[in-house]
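Shown next, in structure tokens, is the structure this report addresses.
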Amino acid sequence: MAASATTSTLAVTMFGYPNRNCHLKPPATATLRFWRSAAAAAVATSRREAEAEEADEVRRCLAPARLEVLEQMEPWVEAHVLPLLKPAEEAWQPADLVPDAAALGADGFHAACVELRGRAAGVPDAHLVCLVGNMVTEEALPTYQSMANRFESARDVTGADATAWARWIRGWSAEENRHGDVLNRYMYLSGRLDMRQVERTVHRLIGSGMAMHAPASPYHGFIYVAFQERATAISHGNTARNVRAHGDDALARICGAIASDEKRHEAAYTRVVERLLEADPDTTVRALAYMMRRRITMPAALMDDGRDADLFAHYAAAAQQAGTYTASDYRGILEHLIRRWRVAELEAGLSGEGRRARDYVCALPQKIRRMEEKAHDRAAQMRKRPTAIPFSWIFDKPVDLMLP
């Protein structure tokens, strides 16, 4: 009996230890059903917990006392945010940066287009992919205005409100509208892109919308937009430098003009969060920690061209590889905002939860840096070869990418 017991097949418990009270394995199909059921239950529980946590977070930030802070900021927005907008008469327009037949005449317009196409021919495919991704992101402006107009106590209720908050949303949107327009015109004139595929991607992205944590909360919303405006300024600025290095000064001027706008918009939203930290530090720093725990998702994360199921991941890999927008940029933005908002110095008015949120945010850049170093070391050890990924935007030509 002893020998028989020692040679019996032992079943394995869910923690991986042998169960000596059972000498027969359960049927494979039963085991598979158990694990699938357990995994589904765990995912459902996790989702319910996340939804409950977000509901509590939104409820806290939409309390009357919190919204009153935003309402009392109206005169401050009038004095410190609205002046960052440029009137239409002073702002650059797309016709200033791409050939304009009305200004050049038929012959001049034709010559300018030939010159544009000649310069565009020298831009590598990888940089074109990044440019299209940036343009698609800009063209989804209807989604972003809709999201901004969900922020309680800081929205345009009628669509033509005279409040400072409402005028800012409309003015910001008017300036942003030129970005996608000018990039779209350049791409059309360059002749290097499958514009129907680009346009389908824009169409699908606007139709898909975007997901944002705690979307009705102005605290979370302004933090998100401050981060994103800096990210787009960096992306367009890096694109300008990259294409200038390949001889396209006209495209560099376009990207530089867009980056300059984004920096003004970043300044506006950064000021708003700065003011919120002064007026309500506990709620604001907790909102900042909440957003960073869930990471700042990119606004075009749902982009889809109808062919590549992993289009955004491939675009992000191209941007990382080309130096257009990298993981280090993400960390750098966080470090900049922590310094600008003096998060480490926050003390007065913080609850215990607020202090924990402050400490979490201040420690996060170093954690991200360590993750970057580990990822770099793993990549060096694996010595992976690049994968050729076709992009429909450039007529399905492949771009060699280092994928995770």
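Going from the start of the chain as shown, residues are counted 1 onward.
Cβ coordinates are placed from backbone N, Cα and C, and glycine is handled just like the others.
A quick note: this is a predicted structure, and the numbers were derived from the prediction, not measured.
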(request) From the candidates E152, E176, E335, give the one listed by Swiss-Prot for the same Fe cation 2 site as E229, E262, H265. (result) E176
(message) If I go by Swiss-Prot, which of E115, E138, E139, E199 binds Fe cation 1 at the same site as E176, H179, E262?
(response) E138
(message) Using only C-alpha positions, which one of E138, E176, H179 is spatially nearest H265 (Fe cation 2 binding site)? These are the binding-site residues in the record.
(response) E176
(message) Please report the Cα separation of E229 (Fe cation 2 binding site) and H179 (Fe cation 1 binding site) in Å, rounded to an integer.
(response) 13
(request) Please compare the binding-site residues E138, E176, E229, E262 by how many other CB atoms fall within 10 Å of each one's CB, and tell me which has the fewest. (result) E176
(request) Give me the non-local Cβ neighbours of H179 (Fe cation 1 binding site): same chain, 6+ apart in sequence, Cβ-Cβ under 8 Å, ordered along the sequence. (result) E138, I258, D261
(message) Give me the count of other Cβ atoms within 10 A of the Cβ belonging to H265 (Fe cation 2 binding site).
(response) 22
(request) List the other residues in this chain whose Cβ sits within 8 Å of the Cβ centroid of the Fe cation 1 site residues E138, E176, H179, E262, in sequence order. (result) L141, E175, N177, R178, G180, T232, H236, I258, D261
